[in-house]
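Working notes, beginning with the structure itself.
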Amino acid sequence: MPGEVRVSSHRAHRPVVARSVRILAVPIIVFWALLAVTTNTFIPQVERVAEELAGSMIPSYAPSQVAMLRIGEKFQESTSTSLTMLVFEADRPLDDGDHRYYDDLMHRLKQDPEHVQYVMDLWGKPITAAGAQSVDGKATFVLLRLAGNIGQLQANESVNAVRDFIADDTPPPGLKVYVSGAAPLASDTLTIANSSLNNITILTIILIVIMLLVVYRSLANLLVPLVSVLIEMLVAKGVIATLGHFGVIPLSSFAVNIVVALTLGAGTDYGIFLLGRYQEARQDGESREAAFYTAYRSVAPIIIGSGLTIAGACYCLSLARLDYFHTMGPAVAISMLFTIAAALTLAPAILTLGSLFGLFDPKRVAKGHLYRRIATSVVRWPKPVFVASVAVVMIGAVFVPTYQVSYDDRAYQPADGPANLGFEASDRHFSQSKLFSEMLMVESDHDMRNSADFISLDRVAKSLIRLPGVAMVQSITRPLGRPLEHATIPYLFTTQGSGSGQQLPFNEQQNENTDKQAEIQARSVEVLQKVIGLTQQMADELHSTVLTLENLKQVTDDMNAGISNLDDFLRPLKNYFYWEPHCFDIPACWAMRSLFDSLDGIDSLDAQIADAVTSFEAIDRLMPQLISQLERMMSDSRSLLGVITNNYGPSHLQTTQTDQTYYDLINVGNDFDESRSDDFFYIPREAFDNEDVKTGMQLMMSPDGKAARFIVTHEGNAMGPEGIDHVEQFPDAIKAALKETSLAGSKIYIGGAGSNNKDIKAYAASDLLIVAIAAFVLIFLIMLYLTRSLVAALVIPGTVAFSYAGAFGLSVLVWQHIIGLHLHWLVLPLTFIILVAVGSDYNLLLISRVKEESGAGLNTGLIRALGSTGGVVTSAGLVFAFTMLAMLISDLHTIGQVGSTVCIGLLLDTLVVRSFVVPCLLRFLGPWFWWPTFIRQRPLRHRLPQRQRVEA
């Protein structure tokens with residue numbers, strides 16, 4: 001009837017591929033060996049290729065990366081996203097010797113534009129030095145923008161170049177210099193991942209050998225899975241190295257680690273599947289050749305389905321936008337395709353050669369009683385078993401809600417890593433997230449170097465500093481992270497009032513001079529009063545003198561008239577005395593002559609007295625006028641004294657009031673400065689000519705003045721989820737601050753640690769959604785093709801997804817709650833894809849075997865299938881699990897978390913889900929599990945005597 005399975009005889013048809021492999025066993029082994037040798041000899045090692053192809057951690061079109069590139073372009077600083085911080089730490093306060101070393105290092109770094117594109121030298125400039133130096137004065141830092149985007153080879157080489165600069169010069173005693181920041185941290189991640197790969201590989205091989213010895217207890221039985229998987233691993237590494245070297249596929253160090261782990265795990269599983277089925281056939285009495293074909297025919301679809309599931313699911317990672325996932329997709333898919341090819345050709349070829357000598361015959365009979373008893377319990381009591389097994393898975397699942405993601409790569413590297421040493425040094429002197437600041441830019445359509453736009457820019461700074469989680473904002477209006485000193489309206493008013501204050505000492509001196517002038521003027525009035533009195537007395541005496549002189553003149557006039565009469569009478573005698581030539585010698589003659597001369601002098605005296613009377617009369621007339629003028633002068637002096645006295649009072653009062661007002665203004669200005677209030681910010685226009693302001697604009701504003709930069713320091717851990725919460729507030733806060741201002745409509749760019757993690761969070765979520773949907777669809781189609789059952793195709797990935805919930809919860813319990821290290825953000829999406837893909841093959845093997853044994857009835861077939869495959873699948877699952885567990889020895893804890901989570905998932909899937917949950921679902925659903933294929937619940941009676949093998 002349509003849809004009914006077709007029953008065949010025990011002797012099956014021998015596939016062409018299987019016959020070809022058996023015939024060409026030796027050439028096949030030689031081919032794979034040569035392929036492994038050539039790809040690993042003539043092509044650079046895959047670790048080196050991964051370093052060369054290292055890509056940006058975040059796509060260049062991500063908002064945070066666009067912001068960093070735009071800031072670098074606008075400020076003419078850089079064309080990349082690599083940010084590096086140099087931390088200078090001394091065991092004492094930094095001194096001039098340290099500063100000289102610092103200046104010399106900055107000079108040398110600026111001379112290497114190939115690696116260092118920009119140096120933000122804050123400590124070297126007085127206006128910004130305080131903002132770059134720690135409070136204790138023992139540390140400082142400098143921001144470098146290096147060539148190459150973060151994670152790329154060029155960026156890693158730039159980091160190494162900076163480290164070489166520092167290593168080539170010896171700092172002053174007591175000073176240490178660390179190269180840290182985002183770019184060095186990414187570079188160290190790459191280095192640590194590569195350095196741990198060989199150790200992981202060696203330990204994985206050792207664990208595989210141990211596990212295979214435990215399973216088979218025979219060195220000969222190791223050959224099929226071990227030799228084939230080693231060659232598969234070498235081929236996978238060589239092929240992806242070749243394809244990466246020639247630019248066919250992208251590649252990363254993380255992808256290489258996953259490729260090695262999955263190749264070793266899956267390849268070993270496929271070898272165990274093949275060898276286990278071969279030995280089972282031999283125990284059933286088949287010849288070695290027949291057992292080979294039985295094993296090949298039975299396992300080949302499982303290998304193909306499992307391999308394609310892993311390859312397809314992982315290739316879906318190429319749809320992701322994050323480089324971690326994008327580079328992993330093609331590499332893992334291609335390596336799995338080669339693993340499938342090797343598992344279908346190399347492993348059977350080795351089995352063929354070994355079987356010729358009986359090397360792989362079972363050394364002991366595998367009874368499978370444990371799994372038969374489990375299957376029997378499932379058939380008899382499906383509900384209790386199902387509830388108990390689901391409860392076991394739920395033990396882990398209950399911890400899933402407590403999951404806290406971490407984006408802090410520092411916690412997943414060794415504490416003594418180069419970048420981590422720098423972070424520790426910074427944390428000793430600065431806030432926790434000093435080296436993980438956000439860089440914001442406001443870009444306008446006009447030059448913002450003016451007072452009006454500075455007010456708007458300060459509004460942005462104010463809105464940011466008021467947000468929760470923001471510790472400091474540095475900008476052109478606050479270069480040191482606090483409001484600019486003397487840049488408030490109250491302080492400007494103070495400076496205007498300070499002009500009067502500066503005149504205050506002169507006013508006080510003038511008041512003192514006025515007071516003295518009043519005293520002098522009062523004394524002058526007093527003296528002038530006395531002078532007037534004396535002058536009046538002198539005038540009176542002068543008038544009396546004039547009257548006396550007039551009387552004297554009358555007397556002399558009378559004398560002169562009498563003497564004239566006498567002279568006329570005695571003239572002859574007089575002439576005699578004057579004519580006598582010897583009169584001088586005659587005493588009587590000389591005496592008379594002298595008498596006559598004296599009488600002549602009386603006439604002259606009279607004339608002189610007349611002149612004197614005239615002069616004194618003139619003075620007598622002037623004296624009253626002089627006294628009148630002096631009296632007027634005294635009156636004016638008294639008036640002047642009154643004016644001076646009247647002026648002194650108000651002037652003194654004004655000076656006192658000015659003095660009080662001046663100090664009040666000074667106190668207001670000082671109070672605003674000390675309070676660091678930013679409510680009344682203003683920079684006058686003349687301040688733009690100040691050299692310090694010009695220096696600040698060089699650092700915080702673009703050369704054309706159309707863009708302004710803000711550096712925001714987080715409060716707490718910027719690399720944690722709280723850092724993302726912080727930056728999510730920035731756009732709205734800035735837009736609100738610029739609304740209806742002179743900068744309304746300006747473009748906003750935000751980049752930095754928190755912004756990067758915000759993009760990672762968004763991309764990781766969307767990538768997981770896209771990849772998960774694509775992977776589930778692909779897995780569903782592959783399972784649908786292999787099982788021919790819609791329900792089975794849904795159950796297989798569904799149970800694995802359920803198993804993952806428990807595994808991830810247990811991983812959260814171990815790492816987050818016991819060890820104290822939160823799971824890295826990579827773990828969830830990556831392990832989900834891997835576990836969904838890898839876990840499906842165990843369920844596929846069980847379901848395929850149930851279908852094969854269903855001719856005896858579904859319940860009987862379930863018991864037989866679980867009993868025959870239980871040991872093999874458990875062995876394969878344990879080997880794969882411990883293969884992934886080997887990743888724990890990586891110095892990069894992220895790899896260890898991925899490996900341990902996958903290990904837990906495989907153990908849970910192998911021991912619980914595949915052993916109990918899936919069989920219970922088979923029991924519950926019965927024939928409906930195989931819908932639309934028709935399979936009978938019970939066999940037909942005439943077929944009961946013989947064991948059938950059913951072929952769909």
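For all residues, glycine too, the Cβ spot is worked out from N, Cα and C.
For 57-385 (among others), the entry in TrEMBL reads domain 'Membrane transport protein MMPL'.
Annotation source TrEMBL lists domain 'Membrane transport protein MMPL' at 647-940 (among others).
Positions annotated as transmembrane segment by TrEMBL: 21-43 (among others).
As annotated by TrEMBL, transmembrane segment applies to 197-216 (among others).
Below 8 angstroms of C-beta separation, residues 32-33, 35-40, 43-46, 49-50, 52-53, 201, 205, 208-209, 212, 256, 259-260, 263-264, 267-268, 270-272, 274-275, 330-331, 334-335, 338-339, 342-343, 346-347, 350-351, 354, 359-360 of the same chain, each at least six residues beyond the ends of the transmembrane segment (223-248), sit close to that stretch. Positions annotated as transmembrane segment by TrEMBL: 223-248 (among others).
Non-local neighbours of the transmembrane segment (254-278) in the same chain are 46-47, 50, 193-194, 196-197, 200-201, 204-205, 208, 212, 215-216, 221, 224-226, 228-229, 232-233, 236-237, 240, 291-292, 294-296, 298-299, 302-303, 306-307, 310, 314, 324, 327-328, 331-332, 335-336, 339-340, 342-343, 347-348, 351, 355, 360, 826, 830, 834, 838, 841, 845, 869, 871-872, 875-877, 879-880, 883-884, 886-887, 890, 895, 898-899; each lies 6+ residues outside the stretch with a CB under 8 Å from one of its CB atoms. Residues or ranges marked as transmembrane segment by TrEMBL: 254-278 (among others).
Look at TrEMBL and you will find 299-320 (among others) tagged as transmembrane segment.
Per TrEMBL, transmembrane segment is recorded for 332-360 (among others).
Marked as transmembrane segment by TrEMBL: 381-400 (among others). Only residues 6 or more beyond the boundaries of the transmembrane segment (381-400), in the same chain, are considered here, and those with a CB under 8 A from a CB of the stretch are 802-803, 805-813, 817, 904, 908, 912-913, 915-917, 920-921, 923-924.
For the transmembrane segment (768-786), the list of distant contacts is 301, 305, 308-309, 312-313, 316-317, 319-320, 325, 792-794, 796-797, 828-829, 832-833, 836-837, 840, 844, 848: same-chain residues at least six beyond its ends, Cβ to Cβ under 8 Å. Under the heading transmembrane segment, TrEMBL lists 768-786 (among others).
Positions annotated as transmembrane segment by TrEMBL: 793-819 (among others).
Packing against the transmembrane segment (825-845) from elsewhere in the chain are residues 254, 258, 262, 265-266, 269, 273, 302, 305-306, 309-310, 312-314, 316-317, 324-325, 328, 403, 405-407, 760-761, 764, 767-768, 771-772, 775-776, 779, 783, 786-787, 795-797, 799-801, 803-804, 807-808, 811, 869, 872-873, 876-877, 880, 894, 897-898, 901-902, 905-906, 909-910, 913-914, 918: each is 6 or more residues past its ends and has a CB under 8 Å from a CB in it. Under the heading transmembrane segment, TrEMBL lists 825-845 (among others).
As annotated by TrEMBL, transmembrane segment applies to 866-890 (among others). Within its own chain, the transmembrane segment (866-890) is flanked in space by residues 192-193, 196, 199-200, 203-204, 207-208, 211-212, 215, 257, 261, 264-266, 268-269, 272-273, 276-277, 280, 366, 368-372, 374-375, 378, 838, 842, 845-846, 849-850, 853, 896, 898-900, 902-904, 906-907, 909-911, 914-915, 919, which lie at least six positions past its ends and keep a Cβ under 8 Å from the stretch.
Residues 371, 374-375, 378-379, 382-383, 385-386, 388-390, 392-393, 787-792, 795, 799-800, 802-803, 806, 839, 842-843, 846-847, 850-851, 854, 858-859, 862, 866, 870, 873-874, 876-878, 881, 937 of the same chain sit 6 or more residues outside the transmembrane segment (910-931) yet have a Cβ under 8 Å from a Cβ within it. The annotation transmembrane segment is assigned in TrEMBL to 910-931 (among others).
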Q: Look over the recorded stretches 197-216, 332-360, 793-819 and say which has the most C-beta pairs under 8 A to the transmembrane segment (299-320).
A: 332-360
Q | Surrounding residues of the transmembrane segment (21-43) on its own chain - C-beta under 8 Å, 6+ positions past either end | A | 49, 231, 234-235, 237-239, 241-242, 245, 289, 292, 296, 342, 344-346, 348-350, 352-353
Q) Quick one: mean pLDDT on the domain 'Membrane transport protein MMPL' (647-940)? A) 81
